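The following features are taken from Swiss-Prot:
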- 1-32: signal peptide (SIGNAL)
- 39-147: domain 'Gnk2-homologous 1' (DOMAIN)
- 160-267: domain 'Gnk2-homologous 2' (DOMAIN)
Amino acid sequence: MYSSSSVSKRFVLVPIVVVVTTQLLLVRNVSSLNLTNSYLHHKCVVNQGKYKPGSKYEKSLDDIIQSFSNKDKDSYGFRTGYSMKAYGKEPDMVSITYQCRIDSRGPKCQSCVVTAGYELLRKRCPRYKEAIIWYDQCLVEFSSLDTSGQINYDDNFCMPSAKNLIGNSISLEERLHLLNNLTKIAVTKIDKNIEGIKKPVLYAAGEKRLGTKSLYGMVQCSADLSVQGCNECMLYYIVHFQECWENKQGVRVLSRSCNFRYELYPFINPKGPYYTKF
């Protein structure tokens with residue numbers, strides 16, 4: 001038998017446990033839907049060398065990054081989620097490119113670009129003429145060359161899940177099928193941009209029910225690529241990194257030109273743009 005005091009303590013603890021459990025579920029839900037903006041990876045590219053302190057290159061670079069903090073400047077790029085701008089002439093030309101995830105356009109895009117830009121310039125790759133950084137919601141690249149419209153085969157990385165698939169619970173063919181279907185949607189889905197011009201969205205997300213489990217995925221290509229370029233980029237990176245992820249429960253493969261992700265849990269809001277349930 002419980003004493004009256006112990007019973008009262010038990011009843012007091014029940015709502016506390018419920019509240020704590022609810023809060024933990026909410027935190028987990030926010031994290032799983034990728035609403036955070038975590039740093040993922042960066043690369044300092046040595047090919048183009050370094051710029052000198054006080055040079056025209058450094059001044060142009062600083063001016064560009066600082067302008068991103070102004071809500072009235074480059075608002076078009078933040079609203080569309082993509083911008084590529086070149087300033088100056090070689091050898092002091094500076095090319096800045098950023099791409100935001102389509103469901104992170106607007107203020108989220110600007111916040112990510114500002115954070116990533118300063119992180120790359122000041123902490124990760126100071127004085128490098130070419131560097132790239134990836135966050136959850138965006139990538140930022142600066143370079144002394146204009147490479148728009150070209151597939152970048154050099155700057156990439158693979159982030160596999162720490163957990164392996166058990167048996168044949170979700171086959172390689174099923175994962176490839178989802179990624180291929182999402183790529184088809186990304187290159188064939190036409191929508192109007194903020195100027196009313198019809199263009200391929202080059203992005204798709206979705207989920208597929210497989211028995212008792214669901215497989216979630218997302219693909220995105222850089223907005224400067226053509227439909228053919230997007231297809232080629234996705235095919236290359238799916239094959240190139242297959243050994244990295246073929247036995248894993250999830251993976252992120254990111255490059256300068258395209259990226260994809262799949263997981264056994266939801267990481268994209270199903271109410272977001274261009275989401276499909278297969």
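Backbone N, Cα and C define each Cβ position, glycine as well.
Model, not experiment: these values are computed from the prediction.
Each residue in the domain 'Gnk2-homologous 2' (160-267) has a pLDDT score, and their mean in this model is 95. Counting residue by residue with DSSP, the domain 'Gnk2-homologous 1' (39-147) contains 39 helix, 39 strand, 31 coil. Helix, strand and coil residue tallies for the domain 'Gnk2-homologous 2' (160-267), in that order: 35 helix, 37 strand, 36 coil [DSSP].
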